[in-house]
Amino acid sequence: MRPGLNAILGPTGSGKSSFLDVLAARKDPAGLSGEVLINGALQPPNFKCLSGYVVQDDIVMGTLTVRENLCFSAALRLSSQISPREKEARVNHLISELALNKVADAKVGTQLIRGISGGERKRTSIGMELIIDPSVLFLDEPTTGLDASTAYSVLLLLKRSFKDLTCQVSKDMNVLQKYNILNTNISYLNGVFSNDIVGYACEAHNNPADFFLDIINGSSAAICNLKCQQMPITHLASNFEFEVAAVSQQSIEDQLVEKYKNCSYARSLKAELERITRAKDNNIKAKCHTITYTSSFFHQLRWVLWRTFWNLMLNPQTSVAQLAVTTLMAAIVGAIFYGVKDDQSGIQNRFGVLFFITTNQCFSTLSAAELFITERKLFIHEYTSGYYRVSVYFLSKILSDIITQRTVPTILFTCVVYFMIGLKPTVAAFFIFMLTVILVSCAAVSMTMAISADQSVVAVANIFMTISFIFMMIFSGLLVNLKSIMDWLSWLKYLSIPRYGLEALEINEFVGLKFCGNVSAVMSSPAADILMCTGEQHLTFQGIDYSSWGLWHNHIALTLMTLIFLIIAYIKLRFIPKFS
């Protein structure tokens with residue numbers, strides 16, 4: 001492929017995207033043979049970070065404006081030696097070149113936010129790659145989903161017309177060389193189809209690219225045009241089916257490949273390839289593909305954190321709705337258990353509401369399943385292109401979710417529920433309660449991330465998480481007395497997040513409470529054996545260590561579970577780009 005604009009044409013399923021990924025060094029080289037040379041030399045290991053790649057589906061953050069997306073790309077992909085003023089100037093120049101001035105400060109758009117048009121979105125995606133001024137720019141089906149006018153404007157951005165053309169015939173990448181590739185210009189292809197292979201002439205007003213695809217794909221329409229013109233009208237009806245069936249796609253491909261091999265263009269191209277091969281240093285072996293970064297870890301973290309927080313704030317589905325649902329749920333729970341009393345019913349009500357709070361915190365984290373799944377394509381593309389490290393993306397997601405989606409709603413929930421129910425009225429008990437609920441939420445959301453990190457479908461991840469939380473809920477301590485469980489099953493309680501949270505909340509609430517008024521008088525009554533007059537009695541019956549160590553032991557267990565699940569999630573996320 002010579003300098004200029006080259007196009008890979010082929011029917012659906014012929015391997016165009018796979019071939020493009022191989023050229024762009026974005027495919028795992030395992031199982032592939034041959035070499036990709038650039039100016040006669042092997043690709044540098046970080047070639048995918050030096051070149052631009054526009055994927056087929058526009059991967060742009062929809063809640064940000066066109067300018068903000070371009071600034072994000074410039075901040076992370078341009079050298080740190082370039083000043084912010086120069087980066088801003090390059091962004092402004094690119095906006096002008098892409099004719100995006102009118103929509104520069106408009107949001108790209110999401111399913112809930114009205115945004116820019118499809119052509120403007122495509123030009124924004126191209127601008128995200130052009131910001132680094134790459135020597136090579138790959139575009140995977142840049143006109144897919146666009147109308148004729150918009151597609152024309154996008155192509156004008158790249159070049160006024162195609163100069164070089166690559167027609168891919170084979171559907172199997174392993175036999176690509178066997179069936180060959182027609183790599184030449186349009187004028188030469190017109191000669192091949194019209195002169196060398198008699199009858200396949202492109203009409204004056206027909207699109208050459210569409211015509212070539214019809215021929216190599218064995219389209220009956222293109223063949224019929226030829227036969228209908230040559231055949232007498234009287235024989236047209238009787239011989240139509242026979243003539244069309246007689247020309248198979250394979251025979252057309254064989255003819256094209258044979259004519260191509262014997263033409264002067266192919267011979268000159270083969271000679272040039274042999275010259276390049278001889279000039280290449282065979283002692284230099286291809287190195288594994290690596291990703292290099294132009295900015296430091298903390299610079300990346302600052303920009304990715306900014307975008308993640310800003311995306312959450314501008315997305316009403318994850319910001320306003322979350323707070324509204326949390327407030328409504330807190331009000332309902334507070335109304336049901338309002339003004340809990342210090343009697344026997346108070347034991348049941350306290351136990352029940354603490355169980356509900358811990359269980360609710362677990363199931364409310366199911367929304368975190370979308371955290372990595374919805375941005376999976378965006379993450380793979382940006383990481384592969386050298387925007388940021390995996391650790392930066394992971395840490396940004398964790399911090400943004402824990403702060404905005406877990407900590408803030410939990411604080412709001414605690415402030416409403418705690419005082420409406422009338423739990424232990426001490427400052428220490430209130431903050432321990434809040435800390436425990438936050439730890440439960442963090443442990444549950446980390447498990448959700450660990451399960452969903454390598455999933456591509458939200459529904460599948462939700463099934464796994466729901467089953468896990470149900471089993472944890474059974475071993476939390478309310479539905480079954482943990483002391484009565486058989487030994488060979490009792491170990492499962494150590495895997496239960498709600499159990500640690502419920503035990504900590506019970507210790508915090510029940511220690512020091514009395515539920516029988518004059519305890520000495522009640523203890524001497526006949527009903528003393530069936531009454532629980534102190535919180536300590538209830539905790540002992542549940543088999544809970546209500547010492548200070550018992551409380552902090554549960555907090556430590558929740559913290560360790562959070563760390564373990566986060567490590568698992570990170571490991572899974574680390575390997576996603578390698579298998580995608």
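Placed from the backbone N, Cα and C atoms, the Cβ positions cover glycine too.
Feature annotations, courtesy of TrEMBL:
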DOMAIN    1-209  domain 'ABC transporter'
TRANSMEM  320-340  transmembrane segment
TRANSMEM  403-421  transmembrane segment
TRANSMEM  427-445  transmembrane segment
TRANSMEM  457-480  transmembrane segment
TRANSMEM  551-571  transmembrane segment
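Proximity of distant same-chain residues to the transmembrane segment (427-445), defined by a Cβ-Cβ separation under 8 Å and at least 6 residues beyond the stretch ends, is recorded for 357-358, 361-362, 364-365, 368, 401-402, 405-407, 410-411, 413-414, 418, 469, 497-498, 500-501, 504-505, 508-509, 551, 554-555, 558-559, 561-562, 565. A Cβ distance under 8 Å defines the sequence-distant neighbours of the transmembrane segment (403-421), meaning residues of its chain 6+ beyond its ends; these are 309, 312-313, 318-319, 322-323, 326-327, 329-331, 333-335, 337-340, 353, 357, 361, 365, 367-368, 430, 433-434, 437-438, 441-442, 445.
Per-residue pLDDT, averaged along the domain 'ABC transporter' (1-209), amounts to 77 for this model.
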